[in-house]
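Chemist: TrEMBL lists 68-91, 103-126, 146-165, 185-206, 247-271, 358-378, 405-424 with the feature transmembrane segment. The domain 'G-protein coupled receptors family 1 profile' annotation in TrEMBL covers 84-417.
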Amino acid sequence: MTYKGINFTNIQELLNSLTCPETEEILRGMEPSRYESKNMTREAYILSILPAKCISKQHLGVQGVQKWFFIILLAFFLIFGLFGNILSAIIMFRRSRRGLSSYLYLGLLAITDICVLYSGCLLYFLGLAFQYKPQLNGTISCRLSFYFKHLFTYISAWLIVAVTFERFIVVRFPIQSIRICRLRIAYTVTLTIIIFFSIYTAHGFFTMGVLRPLLQTDKYYDPDYRVCDLIDNEKHRHILPLIDLCFYSVIPSILIFIFNISIIITIFHALKQRRTYLQANSYLQTTDTYTRTFNQKTKSSSSTRTQFFRSRSAESSPAGRSFIQQGRIYHNGLNKNKFQQKSQQVLFDSTSATGIRLTCLLLLISFISVLCTLPPSIRAFTADLRPPQESTVKWQIAELITTTLMYFNHTINFVLYCLTGRVFRNECRKLLRSLWALKDIQISCTMSS
């Protein structure tokens, strides 16, 4: 038997050397005399000579304990990520009214993480647990799912870049940061990020589609296997995954790494200078203590007597009482303004306890983001380098691990806030009590001394 210039001893040897689509094509054109001479029907004869690798079987992916472990983990991400990010968003939006725009970025990041979980993780969970993939119902659903999933992941990654850059400005240029790190600039930066990636991600409405790749291994063959992927066009088949890798992971990771290293170096240098300054002034403070206490004791007796007579004379007349009331109102106003200015100075001071705590929190968020976004981006970029018929269990487990790691990044921020901030835990506790009692639920921040 000869096929394409190659001699085969029998038809079984020929079918074993071909791919499953080629085997189906040959069997479709088979002469009836072949199965009639053996008193068999066409279907029975095809099943008897069809190789085991070409028997149609649905591709179910990873099964068993590993599958259920990832299903439970993804379900936990969806539930915990929703409630944790909602609480984080409310608290961060309250804090943003104090004047530091880092909290605005963190509040927007929490909302974006919810959108990432329910535009990407939910679809992935449905496909893994129930073999239900709504994005494969048609071209429109495929393109819409691609658009929103990639848009929210881009916005999330670049919000972390924005908040890291802002903290770099606060630490490296503290005087200029009071003028730069404002809510108005944060709104402008956020709007720019959203508009840019909304326009860029729109290429999915022209480049994405439902494809039927060849899925054939030694164990199964699924002719009905479908994926939502880039249309097979050489112009963008290899360029767009590289651009996505750069926008989502490579460029943000490089910028975050550079800013974080600069922040750490500047913080250590500032703490060292502050320590030497305090040690130099400690001697002068001890020598002046005795003279101050002596002067205060001599003046205390006379000042108390004069203040007593002045207060009594002022309170005895109506004019004096009105003057005192006006003075108290003015004093309260000054106290409130001083409190707001002091709170802003504490937040902008990178060497204060609050400033160091906020810097450590942002460093943790940015470093975890880098570690969680690089592996799935590299896997997605190298997916086209393997043979199209290869779909081993190891590759599927690697895909599950990297995808779960990516969605872990959009769930962990609430835990980081609770671990690094006692004030955040107290605010979260008060908010939960308010939600439980269904009263005093306010998102805007109310200042109180």
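Yeah, the Cβs are placed from backbone N, Cα and C, and that goes for glycine too.
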Chemist: What same-chain residues lie close to the transmembrane segment (358-378): Cβ under 8 Å, and 6 or more beyond its ends?
Modeler: 102, 157, 160, 163-164, 167, 171, 244-245, 248-250, 252-253, 256-257, 259-260, 263-264, 267, 347, 350, 401-403, 405-406, 408-409, 412-413, 416-417, 420-421
Chemist: Considering every residue in the domain 'G-protein coupled receptors family 1 profile' (84-417), what is the mean pLDDT value?
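Modeler: The answer is 77, the mean pLDDT of the model over that range.
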Chemist: Against the transmembrane segment (103-126), which of these stretches has the most C-beta pairs under 8 Å: 68-91, 185-206, 405-424?
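Modeler: So the stretch in question is 68-91.
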Chemist: Hey, which bits of the same chain come close to the transmembrane segment (68-91), Cβ under 8 Å, at least six residues off its ends?
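Modeler: Apart from its flanks, the transmembrane segment (68-91) reaches 62, 106-108, 110-111, 113-114, 117-118, 121-122, 124-125, 128-129, 400, 404, 407-408, 410-411, 413-415, 417, 424, 427-428, 431-432, 443.
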Chemist: Can you tell me which parts of the same chain pack against the transmembrane segment (185-206), counting only residues 6+ beyond its ends and a CB-CB cutoff under 8 A?
Modeler: 101, 104-105, 108, 143, 146-147, 150-151, 154-155, 158-159, 162, 166, 236, 240, 247
